[in-house]
Every structure is written in C-alpha cells, then in structure tokens.
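To start, the structure itself, in structure tokens.
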Amino acid sequence: MPNKPLSSLTAARYGKTKVRVFRIVRQDKWHHIVEYNVDVLLEGDIESSYTEADNSVVVATDSIKNITYYLAKVSPHILNPEKFALHLGTFFVSKYAHVHKAFVAIEQLRWARIPVEAGKEHPHAFYRDGDDKRVVKVEVDASKGKDKLVGRVGAGISDLLVLKSTGSKFEGFIRDEYTTLVEVDDRIFSTSVDLEYTFSEIPLKAPGDAEKLQFAVPEGVEDGSVWDEEVPERARRATLEVFAEDESASVQATLYKMAQRIIAENAHIQTVTYTLPNKHYIPVDMKYIGVDNLTPSKAEVFTPVAAPSGLISATISRKQE
Ligand SMILES: O=c1[nH]c(=O)c2[nH]c(=O)[nH]c2[nH]1
C-alpha cells in the first residue's frame with residue numbers, strides 16, 4: 001500500500017529583507033534625500049521550489065534586491081514610500097507571470113534639513129531629527145488577474161518615544177489580593193508609539209510597457225486617501241497632540257482618543273491600530289531618610305524601568321454606513 005503523505009505545503013512566501021536604500025533627487029542645487037529599509041516578499045506558483053527542489057520558479061532574492069535598487073533609480077515615486085512600495089509591488093506581479101502577490105514593507109529613517117541663518121533650511125545638509133520611523137506595508141494582489149490589480153495599504157509610525165510629566169492618572173482598577181499598585185491622580189506617562197492605519201482597497205493600473213516599469217498614480221488627490229501626502233503628518237500630529245493634551249485616565253483611554261481623531265481626520269482610513277508600551281517610572285522611596293518622594297505631588301526622583309512594561313494595544317475601525 002502506498003504511503004499516505006503526512007504533510008503538505010500550506011503557505012509559502014519569500015524575498016529579501018532589510019534592503020538599505022539611500023536616494024538623492026537633485027533639483028538643481030536643492031537636494032531631496034530618502035533613506036529606506038525595504039522588505040519585499042513574493043507569493044505565487046512557487047510551491048515546487050519547496051516540495052521538488054525546483055528552482056526554475058525562483059526569482060533569486062538577489063535579483064529582488066537588484067530590482068529594488070533599479071526602481072529606486074528609475075521610479076518617479078521614490079520620495080514617497082507609499083507610492084514607491086506600490087510601484088515596486090506592481091512591478092513584481094506584472095513582470096513575473098507566476099507571481100500573484102507582492103508584499104512590500106518600507107521603514108523610512110528621518111532626515112531633516114539643517115536650519116541655517118535665521119531658520120532657513122540648508123539645500124543639501126541634513127540631520128537625524130528623531131529615532132521614529134515612518135512605516136508602510138503594501139500588498140499588491142494580482143490573484144484576480146494581471147489587469148485587475150488590487151492594492152492594500154497600511155502605513156504608520158514606529159518607535160516614536162514620548163513622555164509627559166503630569167496630566168496622567170490611573171485609578172479605579174480592580175483591587176484584590178494580588179494588587180500592590182497604589183492609585184495615583186498624577187504620574188509620568190511615557191510610551192514608544194507604534195501606529196498602523198489601513199486604507200480601503202485601491203484598484204491599480206497594470207503597467208503597459210515592455211519593461212513593466214510604468215506605474216501611474218491616479219490624477220487628483222482625495223483627502224485622507226493613500227495618495228494624500230498629508231496623511232502621515234496629520235496622523236503624527238494627532239498622535240502627539242492628543243498625547244500631550246489629554247488628561248489621561250489610562251493608556252487605554254488616551255489610545256482610543258488618538259485613534260478616533262485619526263479616523264475623523266482622514267476619510268479613507270478604515271482602521272487604526274496602536275501598540276503602546278507603558279514605560280514605567282517608579283518614584284524612589286526616600287522614607288528611610290525622612291524625605292517624602294512618594295506623594296504624587298512630591299515625587300521628583302524616579303527610576304526609569306526598562307522592563308517589564310505594560311503593553312496596551314487596540315484597533316479602532318471606521319463604522320460602515
Ligand atoms: O494606563 C494604565 N493601564 C493599565 O492597564 C495599567 N496597569 C498598570 O499596572 N498600570 C496601568 N496603567
């Protein structure tokens with residue numbers, strides 16, 4: 001009796017991760033720069049490369065890296081990570097018949113112009129003005145046909161470190177035999193913001209030229225859509241302003257207000273997900289020397305605690321009409 005196989009391949013995806021790209025766009029003496037870490041993963045008729053050692057279906061990950069650099073050179077969309085990710089994803093599913101989906105993730109590092117002479121910005125000198133990154137996650141789906149491409153776009157922020165020294169309470173939580181935390185009406189609130197918002201699906205035009213290099217962004221920008229270049233800055237400002245101004249009852253309650261504001265300000269954003277570690281700062285107990293450093297209004301010296309931290313996450317979704 002033939003042996004029944006015990007297993008089968010149920011998911012397969014491969015590509016290149018952390019392709020580091022730096023690009024200069026020269027507008028005469030006025031230079032624009034971007035620095036990206038790019039991940040590209042492909043799905044399609046690639047099962048045989050796993051199950052039968054058949055490399056004839058494999059676009060080498062080295063070629064995936066080369067294509068990433070080539071499009072960084074020729075794409076007119078390189079300065080915008082959402083558009084560049086869509087261009088790159090569209091390229092892979094258009095060029096290779098057996099590739100049905102491309103997943104492109106881009107992390108953009110911050111470079112700001114150095115201010116010189118009374119706030120004027122330097123044309124070609126830059127500095128790193130924060131460790132937070134703009135992030136983009138794109139899926140280009142050709143599984144319904146190469147002329148019926150669908151784009152799914154998520155974007156957001158990672159590693160945006162913030163702290164407020166008052167305007168934050170935590171009271172009224174469950175008290176039982178396991179509770180040691182005291183209620184406070186004034187505490188430090190610090191977190192490293194991780195934000196992802198998603199847009200409604202967009203139809204994409206398949207590139208028509210032989211090299212599959214054209215990628216058209218539709219004319220006209222709809223407010224709050226994937227094509228609206230103000231969305232990332234609005235989302236960042238909403239995050240920072242709500243964090244600063246909210247009289248926070250908890251990380252959960254502040255998170256919810258941030259997300260509501262992003263949904264309200266951007267018509268095409270469907271979901272907003274925040275993941276917020278609660279980075280604890282513990283007041284140092286100085287009772288042993290007769291000094292009150294524990295009463296919230298007298299707490300001035302704290303120990304920043306690297307771990308453990310709380311971790312508060314939620315997704316807020318637009319209500320469907
Ligand atoms: O804002 C907070 N939410 C919690 O769920 C929590 N739990 C905790 O110990 N401290 C805090 N703070």
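Just so it is clear, glycine is given a Cβ too, placed from its N, Cα and C backbone atoms.
The active site, charge relay system feature in TrEMBL is assigned to Lys16, Thr61, His280. Residues annotated as urate binding site in TrEMBL: Thr61, Asp62, Phe170, Arg187, Val251, Gln252, Asn278. Under the heading 5-hydroxyisourate binding site, TrEMBL lists Thr61, Asp62, Phe170, Arg187, Val251, Gln252, Asn278. According to TrEMBL, the feature O2 binding site maps to Thr61, Asn278.
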Including all protein chains shown, what's the count of other C-beta atoms within 10 A of the C-beta of His280 (active site, charge relay system)? 17
Near Lys16 (active site, charge relay system) in space, meaning Cα within 10 angstroms, which of the recorded positions do we find among Asp62, Phe170, Asn278, His280? Asp62
Tell me, by DSSP, whether Phe170 (urate binding site) is helix, strand or coil? strand
Less than 6 Å between Cβ and the nearest atom of ligand 1 is the rule; apply it to the recorded positions Lys16, Thr61, Phe170, Arg187, Val251, Asn278. Phe170, Val251, Asn278
Pairwise Cα distance for Gln252 (urate binding site)/Thr61 (active site, charge relay system) [Å, integer]: 41
Distance between Thr61 (active site, charge relay system) and Asn278 (urate binding site) at the Cα atoms, whole Å? 38
Candidates Asp62, Phe170, Arg187, Val251 (binding-site residues); nearest Cα to His280 (active site, charge relay system) turns out to be Arg187
Site diameter for urate, Å, by largest Cα distance between Thr61, Asp62, Phe170, Arg187, Val251, Gln252, Asn278: 51
Counting other CB atoms within 10 Å of each candidate's CB, the least crowded of the recorded positions Lys16, Phe170, Val251, Asn278 is Asn278
